[in-house]
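Chemist: Here you go, one structure.
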Amino acid sequence: MAPSSKRKAINDDFITTISDNEADEFVEEEEVIQEEAPPKKKSKTIPKKKQKRSSKKASNDDDAEDEEDGHIEGVWGQNDDDDGAMDSDFEFVTGAGVEDLDDNPEFEGWGFDGAKKAMGQGNGVDLDEIIRRRREKKEGGTKGAAEPEAKAEEEGEALGLDDDDDEVLARDAFGMGAGSDDEDSAEASEGQDGSEASEGEEGDSDDESVASPVPHPDDDQESESEQDEDEEEAAKMKEFFAADEPKSDTNKGNASFQSMSLSRPILRGLTSVGFAKPTPIQSKTIPIALMGKDVVGGAVTGSGKTAAFVVPILERLLYRPKKVPTSRVVILAPTRELAIQCHAVATKLASHTDIKFCLAVGGLSLKVQESELRLRPDVIIATPGRFIDHMRNSASFAVDTVEILVLDEADRMLEDGFADELNEILTTLPKSRQTMLFSATMTSSVDNLIRVGLNKPVRLMVDSQKKTVVTLTQEFVRLRPGREEKRMGYLVYLCKNLYTERVIIFFRQKKIAHHARIIFGLLGLSCAELHGSMSQIQRIQSVEAFRDGKVSFLLATDLASRGLDIKGVDTVINYEAPQSLEIYVHRVGRTARAGRSGTAITLAAEPDRKVVKAAVKAGKAQGAKISSRIIDAADADSWQAKIDELEDEVEAVMREEKEEKVLAQADMEMRKGENMIRYEDDIKARPKRTWFETEKDKKAAREAGRAALNGVREALKKKHGGKNLSNKDKKKLDAMAEAKEARVWKKGAAERAGKGAVLNFKKDKSSKKGPVVGGRVAKKGAPRGKPRRR
């Protein structure tokens, strides 16, 4: 070969001496070695005869040959034997090696590399390009109209209503009445004194209005379910869950991963991602999961729940039989982004092992996933729908060998929207499996957990349910009645003046999120959107753009509220309060993760009172930082006026976007028709893909999930043609819900003590008969005769 011939020309033809030009010759030899290094595999296979001949040479000749080959094999060299001595350069690592995740220069957050190889090439409509063209066109046509616009803005500010009283009244904290009974009674007494002192005076000052807050009637009501503990449910839980093990010093000793007897490849993987010490949920879960027990785990957001179930899975898979490749683990997640992130976490933790992973989520190439599943990877991370698709339609893919099932964000997976898909998966997987469930708002309802097929699970609740982290500051901006329509003005004011970097804004609806995306673009705010109407490529691009700092705002629906771990998120803004406290906990959990600090702001109007009250009450119980932020009404009105002026531009952008989507759809249909003609025989030869539900059943499941999330309001809104409900309709619905809850009978204190049930029954019978007159029960209708005189 060429390198060897060059070496012969240097070493054999001419032997240099000290007096010769040694520098030039040495440089030439280095250049030869750097040009083409010999492969390592060649130096490993050395014939025995050659070894015997080489043993007769001097040791300095052996060293020279090793240097010529370009490397030294092993600790003791290529041809040396292991004499049992320890390498002098070896160092013991007693700690994890990395004190903090931020101090590790190699780790830059979880990426989407596992999904990119199965992604297509289409990018969809470039909304930024459309907005850029519209802005350039507008700026070019309105150069001479600067002065009239300035005058119009001054007139608009002069005509604006001064709502300072409303904003000062925000100090009553809109939901702060959710404290203890003593605080409520004290506030009520103060309110009565203030009202008596100011009776007959219409023009109270701002200070007086702050000093005498009037609590809302709904804030004083406490449901009977919160006051009385349901012992029947407690008995069910005691029978269903495994008995609590006595606390020992072993858990206290788990101050490091080394004390858990984990293998060295796993410890190296933990060090590479910056995990120095196990979190409480990890220190509790890993030893129990290694025993093969079922686990129901819950902890606050950002506490490392993914690593809590991935680490014991990897440790167990290190000792698997390796002769026949077998899929042994299935991890299910409710959203594609969460599954992709879980795949990234597991891949990095297993970077020093031979464990194989497969990502099977919707929106990515089926063929790529089928080819990976054909190799039978050890761990399959998937969403329920795509997993069922492969389970029914992919050849050479079987789930008979699955030994471990993990449900990430299990409370969401147990809701009505996933009920049918989850039942299909659970009935197909083997019964003798280990099952682990994790969530920040983990349910304790035994009736829901029974469906999963758990076998005496161990309940590991590190934190109380529906709890936020201590480092999170929660702020609420109250929108007084009549100002809900100016919500977008408040949002733009916050993003322009207060929170300008690394902000996630949550919306309830995809339509509003997309509308806000266009407004932000026209106002010059760099942003990206994330919701279900986008293609998977666009969704990944949006998350990566926000993660890399290319955009400052991520406008998302609740698609991004669960599990998404983006490094450095400083602020979360709720455009409106979510439907429940559980969703609120997951939303605000996108910031203040892994011990960092963060801020969550909620724009709350009157319909959001119920959720805000629950959030404030939960925050007060744990001592969280809760405050009310006051925004000047004039500032919000000025931004809302600018937004109203952009309505024509917004409609024009949406119209142009729709036209480009139609053109892209037509182009795709044309290519599809060409492929149908060109590959007709191959397409017809493919087996038809099947599903376990009909279209009618799928639609019913979607409606059930939507109804469980939004309640009766969604159905009533459809009845009114999709229009927003009036306050009157909303009050009717709330009254119906309260009446429905009141009809549900629960045991009281007397019934649990064995008393009161018969008495209550007698009272009900006597009340039905009528009032008692003269010691007798009067019958219904007109009384017969006069009562007896005494």
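Using N, Cα and C of the backbone, Cβ positions are placed for all residues, glycine too.
So Swiss-Prot lists these for the protein:
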- 19-234: region 'Disordered' (REGION)
- 21-34: compositional bias 'Acidic residues' (COMPBIAS)
- 40-56: compositional bias 'Basic residues' (COMPBIAS)
- 61-70: compositional bias 'Acidic residues' (COMPBIAS)
- 79-90: compositional bias 'Acidic residues' (COMPBIAS)
- 137-153: compositional bias 'Basic and acidic residues' (COMPBIAS)
- 154-167: compositional bias 'Acidic residues' (COMPBIAS)
- 196-209: compositional bias 'Acidic residues' (COMPBIAS)
- 219-233: compositional bias 'Acidic residues' (COMPBIAS)
- 255-283: motif 'Q motif' (MOTIF)
- 286-460: domain 'Helicase ATP-binding' (DOMAIN)
- ALA299, VAL300, THR301, GLY302, SER303, GLY304, LYS305, THR306: ATP binding site (BINDING)
- 408-411: motif 'DEAD box' (MOTIF)
- 490-634: domain 'Helicase C-terminal' (DOMAIN)
- 748-790: region 'Disordered' (REGION)
- 777-790: compositional bias 'Basic residues' (COMPBIAS)
Chemist: When a 10 Å sphere is centred on the Cβ of THR301 (ATP binding site), how many other Cβ atoms does it contain?
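Modeler: I count 27 other Cβ atoms within 10 Å of it.
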Chemist: Using a Cβ cut-off under 8 Å, which residues of the same chain at least 6 positions beyond either end of the motif 'DEAD box' (408-411) come close to it?
Modeler: 296, 305-306, 309, 331-334, 338, 342, 437-439, 441-443, 452, 562-563, 582
Chemist: Specify all same-chain residues, apart from the site residues ALA299, VAL300, THR301, GLY302, SER303, GLY304, LYS305, THR306, whose Cβ lies within 8 angstroms of the center of the Cβ atoms of the ATP site, ordered by sequence.
Modeler: THR279, ILE281, ALA308, ALA440, ARG593
Chemist: Please work out the mean pLDDT for the residues of the domain 'Helicase ATP-binding' (286-460).
Modeler: 92
Chemist: What three-state class does DSSP give THR301 (ATP binding site)?
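Modeler: Coil, per DSSP.
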Chemist: In sequence order, what residues of the same chain, 6+ apart, have a Cβ less than 8 Å from the Cβ of VAL300 (ATP binding site)?
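Modeler: In sequence order, the residues whose Cβ lies under 8 Å from that of VAL300 (ATP binding site) (at least 6 apart) are ALA440, VAL462, ASP463, LYS467, THR468, VAL469, GLY589.
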Chemist: What does DSSP assign THR306 (ATP binding site), in three states?
Modeler: helix
Chemist: Sorted by position, what residues of the same chain at least six away from ALA299 (ATP binding site) have a C-beta under 8 A from it?
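Modeler: For ALA299 (ATP binding site), the qualifying residues are THR279, PRO280, ILE281, LYS305, ALA308, ALA440, MET461, VAL462, ASP463.
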